[in-house]
Amino acid sequence: MNKTKPGIEQYCNKEGSSSKSKTAKKPSSGSSLQKQYLQKEYAQQTLGSGNLRLAVHLPEGEDLNEWLAVNTVDFFNQINMLYGTITEFCTPQDCPVMSAGPKYEYHWKDDSQFKKPARVSAPVYVDHLMSWVQSQLDNETIFPSKIGIEFPPQFKTIINDIFRRLFRVYAHIYTTHFPIIVSLGEEAHLNTSFKHFILFVKEFDLIDSKELAPLSDLIESLLAQTKNQ
Amino acid sequence: STVPSLSTVEQSSSTKIFFESYYHRLLTNPSGRSRRRLQLERQLETLGISEADKTEMRQEWMANETEYMRLMREKISVNSFLIL
Ligand SMILES: [Zn+2]
């Protein structure tokens, strides 16, 4: 297995940094729609009325890594399916750069093809991202499938990298493609999946809070709902 | 254009069904695991065995649950039917 940490791709806040991406175009959704996902009629749509907070707890006596592993595969599948329903609208023309709203851009970097952060379109970025996650999941030395084989010592670091990257797909869907989500009637499904993801992330401290900034207002609103349950 | 194609609409329907049943299962109380745990405890009560034996059986049960989770992971991984 490659022992070096997977590359950290450039994550630039276009307000705060003197970044080279001055030419970045705004995402195609108009500014009036940018925070559509925060409107009450959408943000409060979730599936079922049970307590998601309980669902993320490590079951009594269970192995932490085993629990992280099975949930990672679940979230990867969920994001794959959700993004799959909007691929028709996430084209290189519509989304020439991977972004999470006008203030955040993501540049792809990895250990093989892209040693320098590359400004690629959202569909290309997501394709690299999901393939990279898939390759981690398929790696027997990271995610052992045989009974009795242990997880590697750096497992938690890899999990953190996977979650940090998966978050970006949610962020792109919310900030750029939410009108399509609404027209497909998927807002409750997306919200429930994302809320579950965030509760899991918080429970096991998987993503640095500055990485969550593009959706911090939504996260606050979803977590407030859980408290009121 | 913001009008989804037929294949997107179909994919969306099956995705929604997946999420609805997934979260129905996840949020139904008690969970499969805690139900199995209760069954085990009831079974242990009726067996009339020593505390040490009970502890051993609980450990065995836990190992089975862990194993089951690993098998589930493999299964959902193989079944991820919408790989990009
Ligand atoms: Zn897009």
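Placement of Cβ uses the backbone N, Cα and C atoms for every residue, glycine included.
Since this is a predicted model, take the numbers as computed values, not measurements.
Pulled from TrEMBL, these are the features on record:
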type	residues	note
BINDING	A:CYS90, A:CYS95, A:HIS172, A:HIS177	Zn(2+) binding site
COMPBIAS	A:18-32	compositional bias 'Low complexity'
REGION	A:1-32	region 'Disordered'
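Overlay of TrEMBL annotations on the structure.
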| residue | record | DSSP (3 states) |
| --- | --- | --- |
| A:CYS90 | Zn(2+) binding site | coil |
| A:CYS95 | Zn(2+) binding site | coil |
| A:HIS172 | Zn(2+) binding site | helix |
| A:HIS177 | Zn(2+) binding site | helix |
Residues near A:CYS90 (Zn(2+) binding site) in space but at least six apart in sequence (CB under 8 A):
A:TYR83, A:ALA122, A:PRO123, A:VAL126, A:HIS172, A:THR176, A:HIS177
